[in-house]
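Contents: one structure, followed by commentary.
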């Protein structure tokens, strides 16, 4: 694949590196802790292409375990835009050279795509070939050839991922390894708005034109689409081509509906239905295969109402659009995306050949969600055109699940997905009118005839809103329809002018004389300086049926303002004009800067890696070259750098430059000699180190950044630490150093030491500590049982606001106990993780707790009753923002009130509004639901069944909560009222209570939001797993349960209540505790 940006630098950053972790192999789990909303869902395991395994606690970081032979791998991790990225250190050079797709290490993205270990046992890939060379390795199980991009789609078994990863990297036939990622669909007056009735009146309906809809499928049985579909193909893993989402049917109907009221733009067009998306998204290999199929079927127009993030590189989807457009003449009409804001146009709409569509409202104002240019990498104008995309009514698939109901057969949706088929339909009408035209000519005609909104820039709207009434009579067009002049490197005093030809074509019967001028504005909104754009000649006469060519020259020596300039070349003929979008990028002040990695001997070393971050926009560059010297192009500005440098196999130097400024091309030395020894010891001389952790929290111009490096002390015999550069103000930099060690067991109780110290202003250069036992707090923890074959990892993270932290979770007995000794400088977060040979099964934890040195404390984990828990939190459990209701409730907290999650075999969460169901998810205690505007009564219900074998307790947990809510304006979510009741009886170590006696069950009420006072509640017990229930007496906040069941069986509990404001709740726990003999 190529790139739109010729220089390596920030724009080409292939990976971000902000924290390191050495995995603990099979002996301990390494667990990060960062501020993030809870999900209450089960832990999720993800195997990377390297074979390394990442475990998340819901959507929060969990633990890392190295793949076979990789137990001592260093991992670099970082958070960006809510995503956790985990990059093994040995992958950094491959990322830097462009051999690996960074998305392979976006763990959050992999989970969102359904690529976690619970849902698939393979890693899906698209592997592009080096020229025509075949792949020599058999490590990739190929699923389909992708000839348009000289690639093969396939899968790597996670069980053999480490070996497959090495084999693919060593294969000379492999050009690049891409994740077969998921793209997303980019969700009655609109046809009149674009002038379709005028085209219909002229006799154009799209008859005989083939339009491919590559989407979620098309409901060809819908009356609006009767007789329109001529072929279908399913490229997904679904068993059939049925549209079970509704997106594709809506798109297809916007193009070709024959309904009198909801008529499509091209009701005579023939539809090719290519199913490339499911409810979870659209795998890129499915899209690529669908594009090839559409072209092979002779599609004149291909509609792609989908997309994903763009990069400066030309990815396989973009390459396929360009290649198939050139070789088949098809026109690919593609959604710009729904990200809003500048530089957000997605791929594959970012492809040169694509006719990229933004969305406008009914007044031709740009929709707030519509993605806008300039294009990433070269500043080109994208989108190319706009169309109506707000509240578009069209056909509802019989099994569709999305959209706002209009009537029984139609729904309303908004998005550039809805704008795109308007343009695809318009293209079909022109294809009927001009059957000899290529897609490129149709694109040119639609752009030349578009209606421009003078209040918007070309980067907002491209040429303007599609105008069919004008398009069918448009005779003058330009080739190319969009002229990108590229990017010029700073400084600009010696820039060579860039000249490109632009040809005007006249399809009319009379010659046309064009007056040419330039209308371009700079990044400040002011006209470009005189001389930056010139046109020669400025007057052209284009003969009837012929062409005439002019030359456009961009001279970036003109002026002093740097940035992206965009506008149009205007060709006027009387009162009409053709506007061709043009752009040029005048690079801001930048330099080629060389970073030298020097070892402890002062010599260049390739055994090094540096994370470099531009603080202005948090862009990253990985620095790792075999000779130890990396040269990158960087804009002037403030940067952060963290380097790890090895001199031999037994030492590691960590050198930090928390904030420094690039002002010129002066080389930067990253020197291990600036680091001094790092050593921490425990009062127990036999203690062995498990983990070292260095956390940095940096504030810069009102923004906060967090970075960390974590490592196992056993990996390197000698470690050192250093701060390079000047000390920063204390309020700009916080540094946490933590160490965790394993001590000598006491009886059967493991002993661990957990230390953390805090600095401000600089990273300590050298650090040695040996705290005495009297300086530490003692925490004794009792663990409930977990069953045969279970392993339990237990640990604590330092809790400091603004700093992420890591921990190890060494194994502990369950049932059993452990002893921990902690420093008292910070609060601590505790985590217990239960796993089996099949993976992580459950996790429990709590937020920061403070301890005093010299005192002893008791903690209890993993004992019944397990159920919903709502400890105090900065994140709402139930909330509403606008007209979206959000639930995030942990369902498996333990008897001590720790928040908990569990693997589940089935789950369902539903929301009803005034009795009508408005949404449903299969996530336990979690959901986001779009609801109609206004005040109404709501009931949220959730139920989850534990995966068999996880625990004998709380095998099924369910609850329902009733409340009232209104639309919440603004950007701040409002917490909604919610009450949970925890059952907290005293049980024996087996989680049992004797039969024949009355068990006192304290009822712990926890509330969030504006809930009212809870009065009396009704408590019921069942001794047959919920088959029958009996009410039990309640005295104050204690239920009195007489255990009448059979020893060895279980008691289940249910509670119901209403608060003083009318909010109701009900919770049920099946198998809450066990029954024992007296």
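Cβ atoms are placed via backbone N, Cα and C, with glycine included.
Not measured: the values here are computed from a predicted model.
According to TrEMBL, the protein carries these features:
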SIGNAL    1-30  signal peptide
DOMAIN    206-464  domain 'Peptidase S8/S53'
ACT_SITE  215  active site, charge relay system
ACT_SITE  247  active site, charge relay system
ACT_SITE  417  active site, charge relay system
Stretch-averaged pLDDT - the domain 'Peptidase S8/S53' (206-464): 95
Pairwise Cα distance for residue 215 (active site, charge relay system)/residue 247 (active site, charge relay system) [Å, integer]: 7
Euclidean distance between Cα atoms of residue 417 (active site, charge relay system) and residue 247 (active site, charge relay system), Å: 8
Surrounding CB atoms that lie within 10 Å of the CB of residue 247 (active site, charge relay system), all protein chains: 30
Secondary structure of residue 215 (active site, charge relay system) (DSSP, helix/strand/coil): strand
DSSP three-state assignment for residue 247 (active site, charge relay system): helix
All-chain count of other Cβ atoms within 10 Å of residue 417 (active site, charge relay system): 30
Residue 215 (active site, charge relay system): tally of other CB atoms within 10 A of its CB: 29
